[in-house]
Each structure stands twice: as C-alpha cells, then as structure tokens.
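Student: Supplied in structure tokens, the structure appears directly below.
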C-alpha cells in the first residue's frame, strides 16, 4: 500500500495550489493577505492589509519538497482591526452560496483554498468560477479512492483549466499501519486510525500553508454532527499559516443549502459529477468505507456503516462533534421523540426483559432499538410506522425500545445492540430474538423478514 501511495504521487506534477484563469498574475498585486496576531477570543482575528507579490514556484523544484507542505508568501505584521467571525456568520446567514464564496475569496485572496472530495462538493468549484476571482483547489488522495473519483478529478481539471493540489499520506506511516494491522483493520477497530494517517495528517500539512479553507459541509448531511455548522468560523481544530489556536478560518458556503438544491444547481450548470452518484452513492469517501445508500437510509449511512452515527466523521471536521462518547448519551433527552404511533408500543426495560424470558409468546414481536437523535433511526421512522399499520391485528406486535443513555449497556449485553438502529424479531415459539441482518429498512424488506420468521 505504501508503494501505491508513492507511485500515485509521482504521477501528479506540482504541489503548490493551482489558480484559475490566465489573468492570475496580473491580479496578484490586488490580492491582500491577512496576518494573525494575539487575540482574546477564537471568533476574532486581528489582521493587516498589504499588497501581495507572490512568485510562482520553479518547475525544477522537487515535487517531494513541495508536496510536503503548502507554502504561502510571507507578509509583514502591522497593527490592525479585530474581525468577529461569529458576527460575520450571522450577517451571512441569509446570503447565497455565491455571495459567501465571493466574500471568502475577496477577503483571503490566494491564502484560501477549496477542499474538494470528489463528490457533490464540485459545486464549490463552480461557485468559485462564477465569482470571476482566482481560486485554488486541493484534495486528499488517500490511495484508496474509487476509480470514478480519480476520473472526476481529471474531468474537473479539464473543465475549469486548473491543477488540483493533491496531498498524500506519509508512505512510512501507511506502511507501518498496513504491516501491523492489515489492509482492512478499520472494520475491526474503527476507522479513526486509518483516517488519521491517510486523511487528517495530510490535511493538517495542507492547512498549515493557508489562512482559510472552504468546505462543502451542509447541515442536512448529518443531523448527529453537522446540524449546527456556521457559514464561517474560526477553525476549532486545525492551525493555519500563522500557527496557534485560532489561526485558521473555515468557510462553509453550502451550510444552509439542502442536498436536492445542490443537485439542481449541478444539473443546471452542467457540471461534471462523480459517476458513483448514478449508482446510488451519495456521500463518497474511500472505496472500502463507502457504499450506496438504500431506501429509508440517511446519506451518511453509506459511510462506515458498521459504526454508530456519532462516529461518522473522519476527523476532517472533528470540531462538529461537541460531545465525547459518554456525553453523547446525556444529550438525547432534549431531542424530539420518534416512532410515535398508536400501532407502535413503547417498551420499558422491564417489558423487554419479560420478552427475553418468554419462550412461548402469544404473538410475535418486532422491536427497534433506537436513539431519537440518530439520523439513521429518523430516516426509517416513516417506513417503520407504515409497517406497524400493515401488521396491526395480524399477530405481530410492533414496538420500540430507546436503547441509548443508561439503557445502552443493557442493550449491548442482552439485545445484540451494535449500532442504531437495531431491529429484533421475537418469534412466537423461539427462545431467542433474531436480529435483522440487512441495511434495507424499507417496508417491503422488513415485511419479508417478519413473514419468513414469525
């Protein structure tokens, strides 16, 4: 795997960020840079304005040296005013993505870049083009992307006349990970370690050469982790060119845009898209950790499907997760209840224990173990309620058991809980519950499961 990463990097020339348009040199003097100084609040930055005279990198430079870091021109520090990015985010709350992109590029010039993942965030590049301003694009090549994603990279470069800056993982770190744990260790002990080596550390190197970056995050992508992302913020996790906490600004122009609207924009503007989208993929990452979503599933359920909803961030946007594992269980109490229907029985822990004890039941029971804050539970709510209506009076009780918080350990030990949602069928004459094995949570699939085993 280390050899694959190394060989792929040699195939791509240049590591300084690409610029859009042949007029970038003439515009360089008009672009201003921003220098960070001491601050008292993370939402504020002190900056000074100075004309930027950037010299392009010589093509004779070693690509290894240039790929290891993104070098931004140095500027002198001068006294300046304080900018409050929390207030700016509020001002831009009703702004269009185009307005937000224009503001970001105007403010940071060539010290800001678009993070491109090879999915629908190609919309960011189109918005940048529409501003008429120079822009830069970078992407993380983990060495394990789908072929369709690499083809999209090529199509985007040709469409916009740019060179995407590809950042690669450290070959030594990848080699150590694979030799010690194998190629697919993330299926057994979680994806965080692999993502840290292949994505987070390369991103950290990239951002150290910038003062701001632009992402394609949307609030509707993951209610569990992204529901509160602002239009613009001081990055809570990564450092920028000037170093230290608060030295990097993060822009999210699509934060308030729904996925359907993004796709309407892409179709209208005839923008190249990843061929995987036509195969049912929505959220696209590395090949082993990405799959198509199914009816009744949330788009992020196509990523790291073997893990809980709260774990479905790779670390690039870790600041979205405001609570750690233990704290997450204390949050759901304030979340609106789901699976509310006269045909769905709400079970207590005692009720579940009784089901476990019975070997001969008068009726079969179908029980969903859920957490109301889980976006994947929310996504199957309509299907489950419809199923309950169809099974009413037909010898199968449909129920729910809230298995987060204090009940989580009990559910893990006694009810086969691995992730939310978990669906169990307690047959009429069987001592053990049968766990629904599929990710298909549409009405027909669930009904077939019940009818075959009831």
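Using N, Cα and C of the backbone, Cβ positions are placed for all residues, glycine too.
Checked Swiss-Prot, it gives:
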| type | residues | note |
| --- | --- | --- |
| DISULFID | 374-377 | disulfide bond |
| MOD_RES | 67 | N-acetylalanine |
| REGION | 67-319 | region 'Reductase domain' |
| TRANSIT | 1-66 | transit peptide |
Student: Over the region 'Reductase domain' (67-319), work out the mean pLDDT and round it to an integer.
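Tutor: Mean model confidence (pLDDT) across the region 'Reductase domain' (67-319) is 83.
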Student: Let me know the DSSP-derived helix, strand or coil state of residue 377 (disulfide bond), please.
Tutor: helix
Student: Counting across all protein chains shown, how many other Cβ atoms sit within 10 Å of the Cβ of residue 374 (disulfide bond)?
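Tutor: If we count other Cβ atoms within 10 Å of residue 374 (disulfide bond), we arrive at 23.
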Student: Non-local Cβ contacts of residue 377 (disulfide bond) (under 8 Å, 6 or more apart, same chain)?
Tutor: 338, 368, 370, 371, 420, 421
